[in-house]
Amino acid sequence: MSSRSRQRLAVALIFITPAFWSVNYLIARRAPGVIEPHVLALQRWLTAGLLFCFFARTELWAQRRLVLADWRHSVVLGALGMWICGAWVYLGGHTTSATNIALIYALSPVMIVVISRLWLKEPFSAVQACGVALALAGVLHVVLKGEWAQLAKVQWSVGDAWILAATVAWTFYSLLLKRWPSPLGDGARLGVVSLAGVAVLLPFAAWEAAFSPVPAFSRAGFELALAAAVLPGFAAYLAYSVMLRELGAARVSVVLYLGPLYAAILAWLVLGEPVHGYHAVGMALVLPGIYLVNRRSD
């Protein structure tokens with residue numbers, strides 16, 4: 001595949017990947033009382049990690065010495081992307097609102113753009129910055145349900161600290177994937193990082209399994225973990241790695257702004273929740289914003 005074709009694929013994935021991630025919104029809503037956060041994250045990433053490793057088994061065996069030599073980077077990425085981002089959002093969701101979660105996560109693309117420009121020296125024009133601002137306005141319009149005055153009435157709680165930590169972790173996970181290049185392919189690298197994340201998650205999941213009244217293993221819990229592993233885990237993280245490699249962290253960051261819009265559509269299709277006018281307004285702002293950020297690929 002030519003370089004231009006790879007870039008076109010990466011741009012197309014910007015509009016596909018949020019559909020995978022939006023499944024996690026439904027899982028997060030159904031998980032409380034069914035499966036604990038760290039147990040869910042452990043089962044999710046163990047399953048996804050084994051999938052990655054199965055498909056990349058030949059490469060992983062051939063590059064096993066490089067895998068062992070690079071274990072520190074894998075553990076850091078696993079802790080950021082699979083432990084903090086994988087479990088702390090569920091923890092925060094127990095004591096904060098969906099609105100607060102969305103508001104805090106809206107900071108992540110802005111943080112990625114700023115830090116990638118300063119640290120990774122990625123080029124980013126004024127037009128692209130306007131695109132980020134436009135997309136940010138669109139997602140905030142959806143989060144606030146079109147009532148911007150509600151922004152002054154937001155109540156903050158201790159759960160917001162968990163969400164903020166997860167947001168910062170996702171920012172640095174995205175940047176370090178780009179900062180620390182690997183000789184491994186995207187799938188092989190994610191297999192190693194996922195299993196490193198499982199190792200970090202293990203003691204926390206064991207504590208939950210030992211002391212929580214919620215059973216660690218149940219059919220309903222495993223079904224949630226399996227769904228989280230396949231779509232927002234295996235498919236979404238692989239697509240995100242491809243986009244990062246081809247487009248850079250700053251240009252890919254706006255993919256997060258499609259999440260609330262796709263989640264609204266999925267909730268309408270699966271849960272029967274209504275779609276409102278503010279969703280259409282948000283989409284009308286987010287899509288041009290994403291175009292402006294990525295128009296260098298044309």
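In case you wondered, yes, glycine gets a Cβ from its N, Cα and C as well.
According to TrEMBL, the protein carries these features:
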DOMAIN    10-143  domain 'EamA'
DOMAIN    159-294  domain 'EamA'
TRANSMEM  44-62  transmembrane segment
TRANSMEM  74-91  transmembrane segment
TRANSMEM  97-119  transmembrane segment
TRANSMEM  126-144  transmembrane segment
TRANSMEM  156-176  transmembrane segment
TRANSMEM  188-207  transmembrane segment
TRANSMEM  219-240  transmembrane segment
TRANSMEM  252-271  transmembrane segment
TRANSMEM  277-294  transmembrane segment
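Packing against the transmembrane segment (188-207) from elsewhere in the chain are residues 36, 38-39, 41-42, 45-46, 48-53, 56, 59-60, 63, 67, 70-71, 74-75, 77-79, 81-83, 86-87, 182, 216, 233, 237-238, 241: each is 6 or more residues past its ends and has a CB under 8 Å from a CB in it. Note on the domain 'EamA' (159-294): its mean pLDDT in the predicted model is 88.
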